[in-house]
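K.L.:
Below are the features listed in TrEMBL for this protein:
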- 9-186: domain 'Glucose-6-phosphate dehydrogenase NAD-binding' (DOMAIN)
- Arg45, Lys147: NADP(+) binding site (BINDING)
- His177, Lys181, Glu215, Asp234, Lys339, Lys344: substrate binding site (BINDING)
- 189-490: domain 'Glucose-6-phosphate dehydrogenase C-terminal' (DOMAIN)
- His239: active site, proton acceptor (ACT_SITE)
Amino acid sequence: MEQPVLMTIFGGTGDLAQRKLYPSLFRLFRKGHISQHFAVIGTARREWSDDHYREVVQESIQDLKPTEEEAQSFSQHFYYQSHNVNDSEHYSNLKKLADDLDDRYQLKGNRLYYLAMAPQFFGTIVQNLQSQGILTDNGFNRLMIEKPFGSDYDSAFQLNQEIRSVFPETDIFRIDHYLGKEMIQNISAIRFANNIFESQWNNRYIENVQITFAEALGVEDRGGYYEESGALKDMVQNHILQVLSLLAMEPPVVFSQEAIRQEKVKALQAIRLYTEDEALANFVRGQYDQGELDGQQFKAYREEAKVAHDSVTETFVAGKFFIDNFRWSGVPFYVRTGKRLTEKGTRINIVFKQVPVNVFKDDYKKKQPVNDLPQNILTIYIQPTEGFSLTLNGKEIGQGFTTTPVKLDYRQSAEMVENSPEAYEKLIFDALNGDSTNFSHWDEVAQSWRIVDIIRHAWDNQTPDFPNYQAGTMGPQAAFDLLAKDQHSWAWTPDDWYRERGKLD
Ligand code: BG6
């Protein structure tokens, strides 16, 4: 069923709009979720004509191989309005265009405002949407906002106040694009549809949980933004804590947005708030130096465009969280993320406790000791491959009794992955339908900032010894020591593969 809507994109000429939003809208168009009764207004400072805008939109969907007719009929729904967000008069032009399009496409007053701009403009935009009468009273008015949502708790609180003075929480869709990813959504299925896992999902059976968000790319052309943000705010405050809350939360009573949110918030609230000294002991940071991987040379972070030559911004974070509730007490949740690591890979490893006694410790027939049993690990692969695997121990064929690791592996086929909806496609679809399950609620954002602010503050009081890891490796030594202190180790070590083959120092 088609949902009539007028979508206004602030930042319509930007990179995000072209890389993610227009292709996602086109996918929705192809599937008929938007078809006759939709229109898009792109606004930004630049002076563009509708024709030019439509060409840009067509260009942005080329990878999806539209027919000429599809590209034409899709892009005809796009209109451009040059706009200075600080100038109230501009909003009257916007209102006029919005009302015209509402009539022309019979949009029933439904409006979705997408803010793909720097957050300092969010407050002004929403105030003007209200004061200049752009909000309708006969349809829905929903706001989609890109991250970052504030730069610490105080600024996020302030921003939230401004937005909430115009939009109720139920109409605010704060994007965390990881929540649109297929395998992140699958965490709930793995946990709550499989008794074999859910019955073991606690501190009696799980020894530790490891969440890795590794990126092979460097900072690319986003040095300006990244210098201000760093890996802690760029990835941990939002994506990683969201994933952690999905892994740690109690089963919701029903699978509804309210019930899930309540449980996620409870999980976040149970994360131990460290003192600054504890934060320093439990979190480590890194910055990439030059490096070489498989014959490819990479420059140091400090040599990247728009990055200070003595920058102290971290491009890597690893840390340990504790969740102080009955289910998780004593189980470390290790997290790590970084740029210019060995491989792009987002994965979760659930490391199960050892059996109480290893009866195979000595091979009684061969009369020789055998290796310790490897632990059972459930791995959830988020990207680039999607799926999950479970490592178990079996018996090696032959005389004697030597155990051998066995891996039960399930990966989605490349074709399935190719055809699965883009994260942004799902998120726009959900916002059109008023479903906020896969968006960040203010209570989640607030608690995440409280957690992260302490770490940030502790770090800001000390000067780091940067750079401290070579591009192409899996981060600084301190990230390995962090687990070694607890007699644990990272389950995923793609760097070993390259080292064993002489492709990495
Ligand atoms: C963004 C960060 O939120 O997520 C980027 O700002 C990061 O720095 C990106 O590269 C990673 O997302 P994905 O979907 O490519 O894993």
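Cβ from N, Cα, C; glycine included.
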K.L.:
Do you know which of the binding-site residues Arg45, Lys181, Lys339, Lys344 end up with C-beta under 6 Å from ligand 1?
P.N.:
none
K.L.:
Which of the recorded positions Lys181, Asp234, His239, Lys339, Lys344 has its Cα closest in space to the Cα of Arg45 (NADP(+) binding site)?
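P.N.:
Of the recorded positions Lys181, Asp234, His239, Lys339, Lys344, Asp234 has its Cα closest to that of Arg45 (NADP(+) binding site).
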K.L.:
Cβ-Cβ under 8 Å from Lys339 (substrate binding site), same chain, 6 or more residues apart: which ones?
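P.N.:
Within the chain, Lys339 (substrate binding site) has Cβ neighbours under 8 Å at Glu215, Leu217, Gly218, Val219, Ala231, Tyr288, Tyr301, Thr315, Phe316.
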K.L.:
If one looks at the chain holding Asp234 (substrate binding site), which residues at least 6 apart in sequence have a CB under 8 angstroms from its CB?
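P.N.:
Long-range Cβ contacts: Pro148, Tyr226.
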K.L.:
Which residues of the same chain, at least 6 positions away in sequence, have a Cβ lying under 8 Å from the Cβ of His239 (active site, proton acceptor)?
P.N.:
Asp176, Tyr178, Phe213
K.L.:
Can you give me the same-chain residues 6 or more apart in sequence from Lys147 (NADP(+) binding site) with a CB-CB distance under 8 Å?
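P.N.:
For Lys147 (NADP(+) binding site), the qualifying residues are Arg174, Ile175, Asp176, Asn238.
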K.L.:
Across the record's substrate-binding residues His177, Lys181, Glu215, Asp234, Lys339, Lys344, the largest CA-CA distance in angstrom?
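P.N.:
In whole numbers, the farthest two Cα atoms are 20 Å apart.
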K.L.:
Pick from His177, Lys181, Lys344: which of these binding-site residues has the biggest number of other Cβ atoms within 10 Å of its Cβ?
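P.N.:
Counting every other Cβ within 10 Å of each candidate, the maximum falls on Lys181.
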K.L.:
How many neighbouring Cβ atoms, not counting its own, are there within 10 Å of the Cβ of Glu215 (substrate binding site)?
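P.N.:
For Glu215 (substrate binding site), the 10 Å Cβ neighbour count is 19.
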